[in-house]
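Take a look at the structure set out below.
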């Protein structure tokens, strides 16, 4: 997706060989025009898959997943990263995953009532690095009995193994852009 | 907003006299049609205010704030609740606030680079109860030198003091629905 590459070139700050800061468009401030275009692109890629629900994980995945949900006309569910007083933990699917950028382990959870064996799920997230969060969500979707139609990722860091290992497990993964290498001052797209 | 009242009547579960669970439309699963309508309503209410940026707080505020940002054609910034390796803490405004539903204290923060003295901010959130999160965000906005044009809230629990005290401080607060009382099995709107 050329528009996303262009915006990454404009605002992306590579902090190290494996961390890029996209706070100005995806992870802290959201550009609604770009995000709506990303949602439309995911909708186009998965239009034939009769998606019934989009699943993402808080927080940066939410705007992109929401834009795709608007376009496909289906609900969006965001997995939560921790418990609040409003969550009934006996009624949730929960998986423990390490977070690449946060440097810690979090529990992600989805209420059982929002995943159904009839569902055809499109999983959307902003980044894929090692793929731990995506694999945790995939385990949750499979435990629910729903069908995973595919995974949509805004930015795949293809020098890390997440996207590849999920594809090798037989899941369709579509990334809007793939970064094959980066270092402070330089980003190389595939 | 009648559509929101209707959906709250359909899916809202009152857990106690002060906690209502709206996981099916706002806090875990998102209805894109309802959320887009809420965004349009906030855009209509603040159309004359020359808003330059929408500010919300992760996670449930994000879809509504994003829908308003789409409609007004301005960026949306979501305050983060904790630090990650990607955040440079010397570059952020940070405020400590208690969370009504989470039962704990969190630090909310916004990067200094995304709030400007020229900005005219619309603050949007899903709920207002005691108003601690909103007041924390308002302190952050004021510290940045930006102008706070107003606050848009999806669901105000008007039997709690948050909305009232912020209005009394001179800030315009627009709530799409106000719940004046509730108990398990019963919700009374203003």
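Cβ atoms are placed via backbone N, Cα and C, with glycine included.
Listed in TrEMBL for this protein:
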type: BINDING; residues: B:27, B:157; note: xanthine binding site
type: BINDING; residues: B:129, B:130, B:131, B:132, B:133; note: 5-phospho-alpha-D-ribose 1-diphosphate binding site
type: DOMAIN; residues: B:47-155; note: domain 'Phosphoribosyltransferase'
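Spacing of residue B:133 (5-phospho-alpha-D-ribose 1-diphosphate binding site) relative to residue B:157 (xanthine binding site) is 14 Å (Cα to Cα, whole number). Counting residues per DSSP class in helix, strand and coil order gives 34 helix, 44 strand, 31 coil for the domain 'Phosphoribosyltransferase' (B:47-155).
Proximity to chain A (Cβ-Cβ under 8 A) holds for B:27 out of the binding-site residues B:27, B:132, B:133, B:157. Within its own chain, residue B:131 (5-phospho-alpha-D-ribose 1-diphosphate binding site) has B:160, B:161, B:162, B:163, B:165, B:166 as residues 6 or more apart in sequence whose C-beta sits under 8 angstroms from its own.
In this structure the C-alpha atoms belonging to residue B:27 (xanthine binding site) and residue B:130 (5-phospho-alpha-D-ribose 1-diphosphate binding site) are separated by 18 Å. Taken residue by residue with DSSP, residue B:157 (xanthine binding site) is part of a strand.
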